[in-house]
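Read through the structure below, which is laid out as structure tokens, and then see the notes.
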Amino acid sequence: MELFYYMVFGALGAVVAAMELSKSNKDRVNTSSAFNSFKNNYLLVYSLMMAGDWLQGPYVYYLYTTYGFGKGEIGQLFIAGFGSSMLFGTIVGSLADKQGRKRASVTYCITYILSCITKHSPQYKVLMLGRILGGIATSLLFSAFESWLVAEHFKRGFDQQWLSLTFSKAIFLGNGLVAILAGLFGNLLVDTLNLGPVSPFDAASIFLAIGMAVILSSWTENYGDSSENKDLLTQFKGAAVAIASDEKIALLGAIQSLFEGSMYTFVFLWTPALSPNEEDIPHGFIFATFMLASMLGSSIASRLLARNSTRVESYMQIVFVISSASLLLPILTNFLVTPSKVKGGGISFAGCLQLLGFCTFEACVGIFWPSIMKMRSQYIPEEARSTIMNFFRIPLNIFVCIVLYNVDAFPITVMFGMCSIFLCVASILQRRLAAIGDKPKTEDWAMLKEKDGEVEPLNDP
């Protein structure tokens, strides 16, 4: 492996360690022992859930190829996963609000375990079922757990600022350290122990089962708007009205979709961007480097969120601009650096520059997650939190499906340029959100429910 990879990884590791060890009192928040116990319990569960997710990621495509499927068939499987998340996401989100977030979290574990089991079959229809189950599970992962945490946090009377501590630490562990360890553990199972490409999915099932046991034994149930026996259509309509009537919620949804759409596009494009001439690059080590950069971002976010004087709405404008600039590097290097014509070999000079830019983008991702969680906890009404959060994922999943379907139709530079534009738009929308963030809502949730009650139900004769 080239020295360059070690240098980047080592530099990032040193900076992350230095930031964590150099935290002063102003970077820390004094909390109670009851909160610390609550936080640690959630972090344990979240880390186990993310371990179950990260173990699968690097091996899904590889497993399908070992079963003999081509790029087109594999693309259809991936589209089925995102399409499933789009079609069923809002439904399961509404069920989480109505039937309980703890129950929804357990459902995530069961659904994802079943998805892992399907990976043992080489039958295309069985694998397609697994992707559909995986899409449903993903919707629950990114809504039910956060909804449970926010509701339980306030139900127990903890300070609102302490919520940021849990968010930043969850991303630091779940999207950073756990991702790195999961990648190394998966590599151990597949390459070192030669247990086959399905072994990471079996390991993921075990972690998910352990997490489910912790949830069942230690979590209490909480709900969204359970004051009335509302059907799913009414909940769905209420969430749509909340988004349409509150500009802050609509802006937050647009910002999230633009950033996450760019992020998922980046996931598909970084490999061909770094190896345009089939250069031999260490995918696993680069992935671990990206996760380390994400840990750096979450460490920065924890410092920013710990300070009352720093508004998340303000600094996120800068984060989006930096992330937009970092994804312009493939375009700039294409014009400024003479491309190599030699097939194979090590990473090129242009690839080295792009790798540094991609690490910068991943650091922005690390800042984004706890920050968007903080804003969601402020602006999204508790009564329909899971439903609205999955509403946000509808345009995201549509966008990702379109990108997957047309991934070979446009040059990589065009795709990165599109992502950079999206991130610029996100910065502009973030500026607008910062300007109106302190303004009171024109209508609160209770008023919306009263208005909704005045409308004759659609299923009445």
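Just so you know, glycine gets a Cβ as well, placed from its N, Cα and C.
Record note: among 74-96, 235-257, 74-96 is the stretch given as transmembrane segment by TrEMBL.
Long-range contacts of the transmembrane segment (129-150) within the same chain: residues 42, 45-46, 49, 53, 77-78, 80-86, 88-89, 92-93, 96-97, 101-102, 104-105, 107-108, 111-112, 114-119, 163, 166, 219, 222, 224, 373, 376-377, 382, 385-386, 389-390, 393, each at least 6 residues beyond the stretch ends and with a Cβ under 8 Å from a Cβ of the stretch. Simply put, out of 6-22, 43-62, 170-189, 318-336, 318-336 has the most Cβ pairs sitting under 8 Å from the transmembrane segment (348-369).
Tertiary neighbourhood of the transmembrane segment (390-406): same-chain residues 75, 78-79, 82-83, 85-86, 89-90, 92-94, 139, 142-143, 239-240, 243, 252-253, 256-257, 260-261, 264-265, 268, 415, selected by CB-CB distance under 8 Å and a gap of 6+ residues from either end. Outside the transmembrane segment (201-219), and at least 6 residues removed from its termini, the chain residues within Cβ reach (under 8 Å) are 41, 44-45, 48-49, 51-53, 55-56, 59, 63, 102, 105-106, 109-110, 112-113, 116-117, 119, 148, 152, 185-186, 189.
Ranked by number of Cβ pairs under 8 Å to the transmembrane segment (285-306), the listed stretches 6-22, 43-62, 170-189, 318-336 are led by 170-189.
For the transmembrane segment (6-22), same-chain residues at least 6 beyond its ends with a Cβ under 8 Å from one of its own Cβ atoms are 285, 288-289, 292-293, 295-296, 299-300, 303, 355-356, 359. Beyond the ends of the transmembrane segment (43-62), by six or more residues, the same chain brings 74, 105, 108-109, 112, 116, 141, 145, 166, 169-170, 173-175, 178-179, 181-183, 185-186, 190, 197, 200-201, 203-205, 207-208, 210-211, 214-215, 219, 283-284, 287 to within a C-beta distance below 8 angstroms of the stretch.
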